[in-house]
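Taken verbatim from Swiss-Prot:
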type	residues	note
BINDING	325, 337, 384, 385, 386	Ca(2+) 2 binding site
BINDING	386, 388, 390	Ca(2+) 3 binding site
COMPBIAS	1-17	compositional bias 'Gly residues'
COMPBIAS	634-645	compositional bias 'Basic and acidic residues'
DOMAIN	115-294	domain 'SMP-LTD'
DOMAIN	710-832	domain 'C2 3'
MOD_RES	615	phosphoserine
MOD_RES	617	phosphoserine
MOD_RES	629	phosphothreonine
MOD_RES	660	phosphoserine
MOD_RES	662	phosphoserine
MOD_RES	663	phosphoserine
MOD_RES	667	phosphoserine
MOD_RES	679	phosphoserine
MOD_RES	682	phosphoserine
MOD_RES	685	phosphoserine
TOPO_DOM	1-27	topological domain 'Cytoplasmic'
TOPO_DOM	73-845	topological domain 'Cytoplasmic'
TRANSMEM	28-48	transmembrane segment
TRANSMEM	52-72	transmembrane segment
């Protein structure tokens, strides 16, 4: 008993210390609830795709596609991480990185170019200032960007940056080049090779929708030009500072959170392109940031840059290209489907594709603005078009300073980075003249027709500086300020300004350029619109002939808007410049000094700036999509010099001054991207769709005799416009279509101008819901000349639209219209019978 009694007091505390007090049931539940909800969410996310596959009746191939997409995402993320580590190692210790071995394209600019200086003193200064730069950037995000995003939309009212850390790695200048030749004596031009590899963390959150996203690393590389002008005799000796990129910089972003979806193949290039386009709107030539250093400097004059000249590129032909298409696993050599990518600064042009030809003839013309010719080159790359990845056929790079000296070059150039191949170019440097003395001669040289206002080569350049507007009306609502934007058009070319929100006194300070075919017959049309209510706030029409009689062919004033308020005005500065080719007399044995610039890095490294920017979709809509330097269509072209024969040994042959009647065709497009060729998928699915339609037709027949047009008919108007140099197709309506489901059909019309079945050549109408007799009344056009269109066939297909992953998609009928008719210029309207495969071409005579 005593022992028991002795154990009691000793054991009691021991049990009390070893056993915790019982917890309340509510507290245990509150601790496990988040984990339970997370487990349920993960289980739901895993089971939902399985349920969706069964519910929609999809095949197992969708599972394989998802796994392949996941593997691709992980591989892409791993490659991004390796590139980031390599760039960080190069920034931390250049000498050690070079010893260990680094690719030539990753080396700094001062290694390749002797006139580029290494500026370590500048990098040390930036490194010392970097913590304070980071503080400024954090304040910019939290005090400027965050309130602006919150006020932009009611759904973003809870938007906030949870973390803004730019990282410890400072911005680095890999090389500095100062220009001393071909520059104005009152300016200093510097090119900075900048590189930023930041292990930054920028996280954002929208609490209202439990949405988190962010960025964990950013890489940006590019050439930034700094211009100090004008130099003055008083302190601080420089009037203003202008900063811009010569071309779009290279950009790579690693996303976190919800924005990880942007790393999915197909979306990663699109997201980077959108961000690059935003940067281009502010910082890529001709856009620039101008900082005045003294009050006396006319900042508006610095923001109204006049191009140094216009480069007219005759992209004529190539010879002896490599055959990249092979058969039987390379045993049989084939030909190539060559096309060219031409680049001048930030302007990118793409030629048409010549099928199966090693000596293609393009005969196309491009016109490009040149703002800063010191440091700018004409870059050309040739590729063989393939369904998967286009093969490289050669490149060429020509310094624009040499072209300016020569004024006219008509030569065969040997392609670089390939064993064989030559390219025939004719380059013209057009000077901008501020008077109309040579206008008649220029119009005669380009054969400008009096009845032809806007087609053909350009005779002049219109430069417009949109400053501001005052006293704009309120639009539809009296008590609300409008969201004004300005639409400007000359002929068929139109451009838009940025939107200024909630103001009747907008300030734009934007530059625009238009190539003009005949300034005596064309007008500048300007309209101010309210983006919020889609209504007009005022308009203005200025005949370009008015500029011909103005002082220095320039007008700088406030214009009274019509159909607007009594005091509504728009301030603009407009200048017209005549494009004049100054031909120089040369002796017969004259040898020009133009040299082809050889690449200093490998083909993969040098092509990165071009190929990285060729992923933008040209079909993106919205403001600022109209190019400021469009390729001009050529209908009546001047006769050009006979094409010289390619040289046997020298890359630069002698000029043949013989004459012939050969002419150049129009360039089909001015785009910023090389489009894929989706016709492969269309060709694969076509037999399946035709087979399904035939089976559906047999079910409809079911022992009965169908009429003459069992699939129905479609009404089209087809004509060719010689003034616009386009084929016009109007889709009016369809009748007596077959029902694709119990609710009828959801038809739309798709068209190709064969043999072109690329995405850029496709035209589609809107979808008419639940009807067998849809009415479209939509007009479409194809840029093609009359002789060319008479050798083509119009492929028209009526299809049934369905929802995403729907089984109700399919073909309702096709028709092939052979356009070999002499009545095409007049046009016709006709009903066409739909067939299951369109194998009965319908010829109009």
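The backbone N, Cα and C atoms fix where each Cβ goes, glycine too.
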Integer Å distance between the CA atoms belonging to residue 390 (Ca(2+) 3 binding site) and residue 384 (Ca(2+) 2 binding site): 5
Near-site residues: Ca(2+) 2, ref 325, 337, 384, 385, 386, CB cutoff 8 A to centroid: 324, 336, 338, 353, 383, 390, 391
Output field, Ca(2+) 3 shell: CB within 8 Å of site CB centroid, site 386, 388, 390 dropped: 384, 385, 387, 389, 391
Residue with minimal Cβ packing [other Cβ atoms within 10 Å] among the binding-site residues 388, 390: 388
Tally of DSSP helical, extended and coil residues in the domain 'C2 3' (710-832): 11 helix, 63 strand, 49 coil
Under 8 Å by Cβ from residue 337 (Ca(2+) 2 binding site), counting only residues of that chain that are 6 or more apart: 325, 353, 354, 355, 356, 357, 384, 385, 386
Per-region confidence, the domain 'C2 3' (710-832) (mean pLDDT, whole number): 83
Surrounding CB atoms that lie within 10 Å of the CB of residue 386 (Ca(2+) 2 binding site), all protein chains: 14
Around the Cβ of residue 385 (Ca(2+) 2 binding site), the count of other Cβ atoms that are within 10 Å: 19
Among 325, 384, the most crowded of the binding-site residues [Cβ within 10 Å]: 384
